[in-house]
Amino acid sequence: ICEFNNTDHRTELNGTERLIVRRGQPFTVNLHLRSGAYQPGSSALDLTAETGPQPSDQYGTRASFGLTDQIDTSQWSAAVTSHMDMVSLSICSPPDAPIGRWRLSLGQAGQFEFVLLYNPWCTGDMVYMEGEKELEEYVLAQDGIIFRGNSQYPIPTPWNFGQFEDGILDACLRILDMNPKCLRNPGKDASGRRNPIYVSRVISAMVNCNDDQGVLLGKWTNDYTDGVSPMSWRGSVEILRNWDRTACEPVRYGQCWVFAAVACSVSRALGIPSRVITNYQSAHDSNSNLIIELFVDENGQLMKNSRDMIWNYHCWIENWMTRPDLQTGFDGWQAVDPTPQEKSEGVYCCGPIPLKAIKQGEITYKYDGPFIFAEVNADVHTFWKLKDGRTKKVITTTKVGLKISTKSVGSDEREDITHLYKYPEGSEEERETFTKANHQNKLLQQQDNAGLLINVKVSPEMRKGCDFDVFAVVTNNTGSEKKCRLVFGSRAVSYNGILGGNCGFKDLLNVQLKGMVFSCVRHLTEDNLIRLAALLVDYSTQEAYLAVRNIVLVNPEIRVRILGEPKERRKLAAEITLQNPLSVPLLDCCFTVEGSNLTDGKIITERLDSAVEPGQDAKVKIYFTPTRSGLRKLVVDFDSNKLCHVKGYRNVIIGK
């Protein structure tokens, strides 16, 4: 009976050993009674459903009901559908019942337990979503793509969400049980689980461990010797299992895309449609004034004078639900950010806030509108710090909130969803939004028109291990000859804006601008992410102009070749290859592989015994047995002494 119900409720991927159903949808229970014990029209049956440690009618965590002629999907109800050899009951929960573990008593016939989840297929559920393709993508898909890199070169990174793998649903329910609101008032918390707004907020707080026994500890330095580098994770399964099996000890370590991916896994596991999004040039506004204040030294290099930052990219999730707590028009995707950045109501969590509220400048709506509005709309003020202590405002074209991206429905292509967060730049609607959000600085900035313009351009292809060209392009729109100083520098930088070592520097004291374009070439190598900064100082006006560009050096491609015909329950081989692009040998080479419904929830590791010389291939063969048919993603990670965290994947169609 579990297999029948779970399949009908689209939960069979969790297994069929126990009953897992969705709210607002009937499920079937068979009762084996002694002969004649049930008489149609005269026999009664008292049923009681309870959830949480303190069930109560007041909180909606306890319901008593009897048999009726027909099922009522708006409330707890039960009806007899057959009474031949055994009595078959159809039982239904209301579409706003709290999710979690329930106990159902059937009078003298006994009791049983089941798990109740949100139901995005039910029109009465707050998480209802139209479209089977969308539901397949945002609820049932166990793997996906997270975009990293930068706005000029978004890099797709595969991720194994694995929300239906063994033990993951129990870990997600434990996350709800371990949240401080539940520990303080378990009865009220159990009732709150009827509401995906409340649960999304709990997920945002519990995926990080800053206030609680949450899942992940964040770290943004390069020393991960007492844990796992955030770059090493390929999916959520290992993270959630590690947290669950170590008595809720935080897993070390996570960064924004890891926090977001785990939150997406938890949301989907509980039945909330969810997706990971990436915001390029993401502002971190620490004081809610919608202004990012940055300081550069005389060489144009960023100084640490403020908590405000611009991240090369930042990931959060969007969960789909109605917002009955707000006025009409704000249903749909809600931004939820589990990365611990600023506190909300005393806790490190963020959202949910409707995307429509962000777009329309309604930043007073719940929750955390100003912070997320600033991430995509903040004004950037850059100041030039002189050696004598004076500061001067720098003219720059730095913008935030670029190419907001997510995986497309049904494909691995990037979908640009910037239009869901902001109106077109310079449009009348954008100006109205800024006025409503009291974002006067942005309105004034749009009226600026500088006489000198500076940009940083690079060669079209930038691969790790290869040199490439960098150009500073200066345009003189003043109509008069200009003498300038041009400082051109480059530094390694992490994705969240923390600067590393110098990669190159050039200071040209006397640059004459008679024509339209000046170009300076600089060869740079090393590191995957480099910040290029060009500072131009006009001697005649003492005005400073700054152009900044972050570039990504692309890792070599991992090639995956499937050997044989992919069939369900049939052993399969994959040949995995990576060519060494560096000028030095690679030592300690290791491929790590996983994939939902491919590797049976396990991680496969293959190491190479010998060094891989420059230009040669690192190659391994791995074996796995697919457990389920359909389109699956084999996720691969490569590590060595000189080349680390190279990601790759291969989509595999598994036949029956």
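A Cβ is built for glycine as well, from the same backbone N, Cα and C atoms used for every other residue.
What TrEMBL records for 248-340 is domain 'Transglutaminase-like'. The annotation active site is assigned in TrEMBL to CYS256, HIS314, ASP337. Per TrEMBL, Ca(2+) binding site is recorded for ASN377, ASP379, GLU425, GLU430.
The closest partner of GLU425 (Ca(2+) binding site) among the active-site residues, by CA position, is HIS314; the full candidate set was CYS256, HIS314, ASP337. Summarising the environment of ASP379 (Ca(2+) binding site), the number of other Cβ atoms within 10 Å of its Cβ, over all protein chains shown, is 23. If you check the binding-site residues ASN377, ASP379, GLU430 against CYS256 (active site), none has a Cα inside 10 Å of its Cα. Cβ-based crowding with a 10 Å cutoff singles out CYS256 as the top-ranked of the recorded positions CYS256, GLU425, GLU430. Taken together, the residues in the domain 'Transglutaminase-like' (248-340) have a mean pLDDT of 92 on the 0 to 100 scale. In sequence order, CYS256, THR278, ASN279, SER282, HIS284, THR339, GLU375, ASN496 make up the list of same-chain residues 6 or more apart from HIS314 (active site) whose Cβ falls under 8 Å from its Cβ.
Of all the recorded positions listed (ASP337, ASN377), ASN377 has the fewest other CB atoms within 10 A of its CB. Between the C-alpha atoms of ASP337 (active site) and GLU430 (Ca(2+) binding site), the distance comes to 24 Å.
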